[in-house]
Amino acid sequence: MTKIVILTGAGISAESGMGTFRDKGGLWSQVRLEDVATPEGFARDPGRVQAFYNMRRVAAKAARPNAAHRALALLQRDWPGDVVIVTQNVDALHEAGGARDVIHMHGELARALCGNCGHRWDAPDEMAAGECCPACDAPAARPDVVWFGEMPYHMDRIYGHLAEATVFVAIGTSGQVYPAAAFVQEAAAAGAHTVELNLEPSAVVSDFAETRLGKASEVVPAWVAEMLRR
Ligand SMILES: [Zn+2]
């Protein structure tokens, strides 16, 4: 049985209106990631961090899945083996496009996390500084997203899937954020065929056996159609 492991990044959601991070004009050229995406930034100014994620949560709610999200859901439905989707994205566009069991390694905008007791719950649209946890009542509610300097979620499961992959595909990732940027090496070491689908070559493009460049809404459905014709 063949297993396809897919890693997706901001590039797959860009055409749905969610900004990318490291491109020219991307989010990290507009706000300092140190201010809004680190535990230290949250400790310094929780109101600013909550406002940033409130804004992104609203944008994510308004966004609609594009042809790339839908194509991956189709692959998951019709491929005779396993199709595992691992995403760095905190939006829910894979699920909205019909995908199942998506592994959100960087958390989810739609969820809240207590920094005190670890309780998780559905985030309200607006969160404020000092918001209280419904389980322990500590004023420690934060977005359930993984910040720089924090350990991504589900790493054991992800490495387990990479060790069993026969095909590994990275879609719309910059290749600049670890550990995700090293997944291609893990998969290749396990014998997987590796493919990068991206608007522009990533920082780790030379690690892939095959690269296809173009808009996600075009290259992803084309690749999926090809896989399903095999
Ligand atoms: Zn709590």
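Our numbering is plain: 1 for the first residue shown, then up by one each step along the chain.
Note that Cβ sites are derived from N, Cα and C of the backbone, with glycine treated the same way.
What TrEMBL says about this one:
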type: DOMAIN; residues: 1-230; note: domain 'Deacetylase sirtuin-type'
type: BINDING; residues: Tyr53, Arg56; note: substrate binding site
type: BINDING; residues: Gln88, Asn89, Val90, Asp91, Gly172, Thr173, Ser174, Asn198, Leu199, Glu200, Ala216; note: NAD(+) binding site
type: ACT_SITE; residues: His106; note: active site, proton acceptor
type: BINDING; residues: Cys114, Cys117, Cys133, Cys136; note: Zn(2+) binding site
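Features per TrEMBL, on structure.
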| residue | record | DSSP (3 states) |
| --- | --- | --- |
| Tyr53 | substrate binding site | helix |
| Gln88 | NAD(+) binding site | coil |
| Cys117 | Zn(2+) binding site | coil |
| Cys133 | Zn(2+) binding site | coil |
| Gly172 | NAD(+) binding site | coil |
| Leu199 | NAD(+) binding site | coil |
| Ala216 | NAD(+) binding site | helix |
Exercise for review: Filter the candidate list His106, Cys114, Cys136, Gly172 of recorded positions, keeping only entries whose CB is under 6 Å from an atom of ligand 1.
Suggested key: Cys114, Cys136
Exercise for review: Over all pairs in Gln88, Asn89, Val90, Asp91, Gly172, Thr173, Ser174, Asn198, Leu199, Glu200, Ala216, the listed NAD(+) binding residues, work out the largest Cα-Cα distance in Å.
Suggested key: 22
**Study point:** Cys133 (Zn(2+) binding site) versus Leu199 (NAD(+) binding site) - Cα distance in angstrom
**Key:** 40
Check your understanding: Expressed to the nearest Å, what is the distance separating Gly172 (NAD(+) binding site) and Arg56 (substrate binding site) at their Cα atoms?
Key -> 19
Check your understanding: Between Cys136 (Zn(2+) binding site) and Arg56 (substrate binding site), what is the CA-CA distance rounded to a whole number of Å?
Key -> 26
Practice item. Out of His106, Cys114, Cys117, Cys133, give those recorded positions positioned within 10 angstroms of Val90 (NAD(+) binding site), comparing C-alpha atoms, in sequence order. Key: His106
Study note, to complete from the structure: For Gln88 (NAD(+) binding site), the close recorded positions (Cα within 10 Å) drawn from Tyr53, Arg56, His106, Cys133 turn out to be His106
Revision key, fill the gap. Out of the binding-site residues Cys114, Cys136, the residue with the smallest number of other Cβ atoms within 10 Å is Cys136
Practice item. Provide, as an integer number of angstrom, the distance between the C-alpha atoms of Arg56 (substrate binding site) and Ser174 (NAD(+) binding site). Key: 20
Exercise for review: Could you state the whole-number distance in Å separating the C-alpha atoms of Ala216 (NAD(+) binding site) and Cys133 (Zn(2+) binding site)?
Suggested key: 38
Review point. Which residues in the same chain, at least 6 apart in sequence, have a Cβ under 8 Å from the Cβ of Cys117 (Zn(2+) binding site)?
Key: Cys133, Ala135, Cys136, Ala138, Ala140
